[in-house]
Amino acid sequence: MCDPLRPSVRIPAVSAELLTRVRQIPPLTHCITNTVVTGFTANVLLAAGASPAMVDIVGEAGIFARLASGLLINLGTPTPEQRAASREAVAGANDAGTPWVLDPVAVGALPVRTALAGELVRLRPAAVRGNASEILALAGSGSGGRGVDALDDPDAALDAARSLATRFGAVVAVSGPVDLLTDGTRVIRVANGDALLTRVTGGGCALGALMAAFLGAARDTDADALEAVAAATLVYTLAAEHAARVADGPGSFAVGLLDALAGIDPTDIAAEARVEQHDAPVEEVAR
Amino acid sequence: MCDPLRPSVRIPAVSAELLTRVRQIPPLTHCITNTVVTGFTANVLLAAGASPAMVDIVGEAGIFARLASGLLINLGTPTPEQRAASREAVAGANDAGTPWVLDPVAVGALPVRTALAGELVRLRPAAVRGNASEILALAGSGSGGRGVDALDDPDAALDAARSLATRFGAVVAVSGPVDLLTDGTRVIRVANGDALLTRVTGGGCALGALMAAFLGAARDTDADALEAVAAATLVYTLAAEHAARVADGPGSFAVGLLDALAGIDPTDIAAEARVEQHDAPVEEVAR
Amino acid sequence: MCDPLRPSVRIPAVSAELLTRVRQIPPLTHCITNTVVTGFTANVLLAAGASPAMVDIVGEAGIFARLASGLLINLGTPTPEQRAASREAVAGANDAGTPWVLDPVAVGALPVRTALAGELVRLRPAAVRGNASEILALAGSGSGGRGVDALDDPDAALDAARSLATRFGAVVAVSGPVDLLTDGTRVIRVANGDALLTRVTGGGCALGALMAAFLGAARDTDADALEAVAAATLVYTLAAEHAARVADGPGSFAVGLLDALAGIDPTDIAAEARVEQHDAPVEEVAR
């Protein structure tokens, strides 16, 4: 980070508030996601207190997106049925004002999902989440990663993320050792987390679902989309730190992550958060 | 519970017998289930001693249902392929006398699965399993829940459950803090279990699969379908209690549930069971 | 084992080398696998150090198989989309020289997968992995198992395995209490492992994926396909032994298997390996 950022007080406070709301409401979180991570994603949402529902067929996805508090579209294994259901869900979500998250898994080298991601990103997702390679590819400035691997550092995707955010009016979240979040103007960096998250399948995908839950919980609050996405990131990466402390490897880490998400005390978040925020307009944020 | 029920001695005894049989046979349990819970469902069956097989494509599902000891049709993510395979499997099961369980996940608000559930329930499942919202919706007396969430207490679905049971000749199992099971005449309540089951995806879906395994194991015994379904419920909810005692949250609970299912001693079931049975005809069971 | 085999020094050494390479490269491992085990399979690959990618749709599978280090085709739940994607992936893999593994889950009784397995095995997989029933069925000498259950001892499938290996130029791996591996001439037996592997869904399927990763890592080394497949088997079954020592049942075993795979020290493999190799030509290996 070569530009001066200031520690954020606001994001930890919003995180505590939204986590509490997630547990109280709970937000019905509609996920159209890949077959590898469906179970883990649902368990992450349940552990955090949200209510997951994987409705990914034509004829139901649009209806459900209207009822849901938040929606995730994850392109990890986009069968023809899921592609059609995703279009239907996005239309329903936009019609009803349901905030939705686009996770363009492995875009770049793979043409079907790349075309679909390019189509969907124009339909005003509240947030786009990916690793640096994916964000670069979606912005048209990278060649794509190797599947779900990030070959690039999040900061290498900062310009691409801001460009995407500005063009499409979406928050863009770039996962990495330090997560980078931007709405095109403000930039938030969340330094919490643990490398074990990269050793569990769905470690990133489940965060996309949690963002959808937090966006849903943020409705009727004064937290905006960037703050809600940052709050989900902070809660999730903090839980990862808690889990890593007691894990013997990636298996027990994944189990512990669910326990930690369920156990995290909102009042403890501020003390452990490592979040910085820069509010300068885009052109002043030097790289 | 406002009607006088008596503690059941029979159900714990049947549970011990059928669990032992499941481990000995083991019953080949055919599952057509949703993509969220396939892995957990298979692991629950394996932990209990059964032999799972997820054969959910056209051209194979009907053949396999004829070979299987029991069949589960779970409508959680019913793709067109699964819908066709489910019809094929039910035809095969009915042709061969394989008992089958219908789990009408999230029926009510979602039209595709609601139509399919309405079609399948007429084809004489041995058992129907759902939460109160789903049973109410299937019986036509509710508006459906919010996806897989139960908004209603099992006892609120008692009339609907008895009506379904009588109309379709099926055992109806309503999941909740106290599980309610009926064949239209007898009513069994199983009070074992733990709230953590609602924090693990597939906590209910996997029970449907276990019911299919126990129905398979009950063939050639003097246990009837209601007793087999109650036995699966008792074994599963007892294992949940064991797991909850050592869990740190929903992640370790799900792991412990598998360990507990594999470790449960049939001779311990009677002492821990909290099961009541009412044998009055329908009209005498006041609400 | 009725023929004199000698303890292998070579396979443990290759195992240590290839495990180290998997962690260094890591090999991009393309999996088209069944919906029951996708998550566990990806987690096994990640724990071992490989990089999984489940690309199973038409229009992408062929492209990705060209980029990947290794490919798994597992026929556990072969939807029409997966069947077409599998053909596309195999064509891409063969075109680019990507080694690939065929896991003919439950072939025999089920016609769709049996036909597809018969078609694919002719397209020169580097390895075929199955239990004894599946290998017998694929070789045309058995009636098939009961789904994924092995009803036969691996040694009962020795002739079938050697016949398959010779006919199709593939390594054939037969899972069981003692894993049997052959290229038609050499026979390797790996006696490591634990019966808990049969109580976890995907216990065998994930090994097929690990074989693909090790085959990928073996490129540019002097290890051949039989050795790479044996190395994957040895690393996996050793990790299973480590996990079994601390497990309370199948749930904690599956978690511990991931931890053990991530934690296994290549320099410890030789001391714990129970591997024998017979190098006689086929006709000298008496049964």
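Even glycines carry a Cβ here, placed using N, Cα and C.
Automatic prediction, not curation, is the source of TrEMBL annotations.
TrEMBL has this to say about the protein:
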- B:MET54, B:GLY202: substrate binding site (BINDING)
- B:ARG129, B:SER175: ATP binding site (BINDING)
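A distance below 8 A between C-beta atoms marks none of the binding-site residues from B:ARG129, B:SER175, B:GLY202 as lying next to chain C. Shown in sequence order, B:VAL101, B:LEU102, B:ASP103, B:VAL172, B:ALA173, B:SER175, B:GLY204, B:LEU207, B:GLY208, B:MET211, B:VAL229 are the residues of the chain, 6+ apart in sequence, with a C-beta less than 8 angstroms from the C-beta of B:ARG129 (ATP binding site). Secondary structure at B:MET54 (substrate binding site), as computed by DSSP, is coil. Sequence-distant neighbours of B:GLY202 (substrate binding site) (same chain, 6+ apart, CB under 8 A from its CB) are B:VAL36, B:VAL37, B:PHE40, B:THR41, B:VAL44.
When the C-beta distance to chain A is held to under 8 angstroms, the binding-site residues B:MET54, B:ARG129, B:SER175, B:GLY202 reduce to B:GLY202, listed in sequence order. According to DSSP, B:GLY202 (substrate binding site) is assigned to coil rather than to any helix or strand.
The 10 Å shell around the Cβ of B:MET54 (substrate binding site) contains 28 further Cβ atoms across the protein chains shown.
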